[in-house]
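J.: One structure, as structure tokens, below. Some questions next.
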Amino acid sequence: MLLSDLLYKVPLLATAGSMNAEVTHLTMDSRNVAPGTLFVAVRGTVVDGHSFIPKAIAQGATVILCEEMPAEAPADVTFVQVANAPRAMGFVAANFYGNPSKKIKLVGVTGTNGKTSVATLLFRLFRGLGYRCGLLSTVQNQIDDTVLPATHTTPDAISANELLVKMRQAGCTHVFMEVSSHAVVQERIAGLHFAGGIFTNITHDHLDFHGTFDNYIKAKKGFFDQLPRSAFALTNADDKRGAVMLQNTLARKESYSLQTLGTFKGKILSDGLFGLEMTIDDRQVWFKLIGRFNAYNLLAVYGAAVLLGEDEEEILTQLSAVTPPSGRFEQVISADKVVGIVDYAHTPDALQNVLETIQNLRQNNEEGYFPQIITVVGCGGNRDAAKRPIMAQIATKLSDRVILTSDNPRFEDPMTILEQMQAGVSPVNARKTRTIEERREAIRAAVALAKPHDIILVAGKGHETYQDIQGTKHDFDDRQVLREAFQNR
Ligand SMILES: CC(=O)N[C@H]1[C@@H](OP(=O)(O)OP(=O)(O)OC[C@H]2O[C@@H](n3ccc(=O)[nH]c3=O)[C@H](O)[C@@H]2O)O[C@H](CO)[C@@H](O)[C@@H]1O[C@H](C)C(=O)N[C@@H](C)C(=O)N[C@H](CCC(=O)O)C(=O)O
Ligand SMILES: Nc1ncnc2c1ncn2[C@@H]1O[C@H](COP(=O)(O)OP(=O)(O)OP(=O)(O)O)[C@@H](O)[C@H]1O
Ligand SMILES: N[C@H](CCC[C@H](N)C(=O)O)C(=O)O
Ligand SMILES: [Mg+2]
């Protein structure tokens, strides 16, 4: 494709070299440069992509998109200077791939918790309604029936456009994607045309990356600020920041709620281990999902489907059959009826919600035994350290026994993370708390502590099938470890 066509709608600061250069490939990683490549120099959190420009040229890059022109530039390479290289890359990628997002209905979901849940429920609902669909999520990417691994919650702009083209080719009419706050700040969604945006909620997370809670809010809001007039912006009216998200959007403002007034209003009638009974728009429906937080997710999904033009009754009929994504309140039950729950709660709010849901669900069983809650939880390394003591405090406050353990220590010392968690445990709660660094041993210890009907919550990893230690991903699946521990009981 001609460089001049790729730069359509991209504000330029300066150029050097031919605008007729032919580009056959795009990348922001010098390690993937081949002859004919346009290399984008991105200033990262670890290194500055500008330092790889000579390497990219040596490997045959024909165009360099950068924020800073080099002192010396070879004549046969074109340099394009822009103010924001990742943002420009979003538009270049969209042009390169023929703007696939304009040819499908693309709906983005943002918020601290519930993105995967809402995007996956929408994907499953719309397939139930008879459409071919695409999904871009933390757990996996999916092109109708074809499952592809996901490395990020939100892919970079090049990968996203590439996937959208494949989705179009497979006949997909709707695509549901998670929009993480990292993706907004790093401009991974620049150049994408959204038909709608959904906000779930915002609570404490990722302060390591955003610095302050205000910056984190601004990042999420940035998604709605970018929505076109033709899109809908659907927010959670019960969230303190729900209205703020839509303050400056051009999109049509809509909301959902359980407590306050919203366009789409729901009410929980009952909430048990087998699901939720709710009224939505005065229709009474059973859903297979558990917990009050999922009532919000279901309302968001219902509202979005209505805004996409689907029939209310049809939506609810299909939605009542939809199952939650992998690793979200997933139950593994032992032969002697210990209830294991594997859940991806990795933020204070999610952990609190899941534990409160479990507290509400437990009741005296037939023998009059009141089940105990045993929680196994850890916090990820090289991620927000401020949430560590808070999560330990929540776990110990809302459980009868707690085992603190590792969850993807990455490049940090696991015991340092655990000490930071322990700092949140009060002296009274310390008596019911143990620390077992090795996650497999921690789960086994929880199983050994449990009596029939007790509930073991294994939180933080959900669908993940690895433990990331020093950059190596070791096989590890909470569900499998729990199942094995139950078998050896
Ligand atoms: C903190 C963060 O978001 N990092 C992302 C970022 O990496 P970075 O800023 O560290 O990049 P860098 O290593 O400094 O490199 C800068 C540039 O030089 C390039 N480079 C680097 C080396 C080289 O030899 N040649 C070269 O060209 C890199 O390709 C890059 O373009 O840009 C990379 C390329 O797109 C991402 O893969 C990487 O995600 C890392 C792996 C990551 O863990 N990200 C997490 C935090 C993340 O994004 N999570 C959110 C979900 C969060 C949530 O809501 O829960 C997500 O959307 O997945
Ligand atoms: N609407 C919600 N409000 C609060 N907590 C929720 C909600 N939905 C899900 N959760 C909790 O958060 C956990 C993560 O849910 P989910 O994977 O849907 O969130 P996410 O936003 O995609 O997370 P990530 O940022 O890692 O991509 C769930 O396992 C559950 O414990
Ligand atoms: N999207 C989140 C996932 C956290 C999952 C948890 N298991 C961890 O590794 O901290 C993140 O990248 O921060
Ligand atoms: Mg997710």
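These residue numbers are counts, starting from 1, taken along the chain as shown.
Positions of Cβ are set from backbone N, Cα and C atoms, glycine also.
Caution: TrEMBL annotation is automatic and unverified by curators.
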J.: Given 311-314, 323-326, 363-366, 407-410, which one carries TrEMBL's motif 'Meso-diaminopimelate recognition motif' label?
T.: 407-410
J.: If I go by TrEMBL, which of Arg362, Arg383, Arg434, Arg489 binds meso-2,6-diaminopimelate at the same site as Asp407, Asn408, Pro409, Arg410, Gly460, Glu464?
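T.: My reading of TrEMBL gives Arg383 as the candidate in that site.
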J.: Show, in sequence order, which residues other than Gly111, Thr112, Asn113, Gly114, Lys115, Thr116, Ser117 on the same chain lie with their Cβ within 8 Å of the centre of the Cβ atoms of the ATP site.
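T.: Other same-chain residues with Cβ inside the cutoff are Val109, Val118, Glu178, Thr200, Asn201, Asn297.
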J.: Show, in sequence order, which residues other than Arg383, Asp407, Asn408, Pro409, Arg410, Gly460, Glu464 on the same chain lie with their Cβ within 8 Å of the centre of the Cβ atoms of the meso-2,6-diaminopimelate site.
T.: His346, Gly378, Cys379, Gly380, Gly381, Ser406, Lys461, Gln467, Asp468
J.: Does DSSP give Arg383 (meso-2,6-diaminopimelate binding site) helix, strand or coil?
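T.: DSSP call for Arg383 (meso-2,6-diaminopimelate binding site): coil, neither helix nor strand.
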J.: Do you know which of the recorded positions Lys115, Lys220, Arg410 has the most other C-beta atoms within 10 angstroms of its C-beta?
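T.: Its Cβ has the most other Cβ atoms within 10 Å: Lys115.
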J.: Which binding-site residues out of Gly111, Lys115, Arg410 lie by ligand 4, going by a Cβ under 6 Å?
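T.: From Gly111, Lys115, Arg410, counting a Cβ under 6 Å from ligand 4 as near, the near ones are Lys115.
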J.: Could you check which of the binding-site residues Asn113, Lys115, Thr116, Glu464 have their CB within less than 6 A of ligand 2?
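T.: The qualifying binding-site residues are Asn113, Lys115, Thr116.
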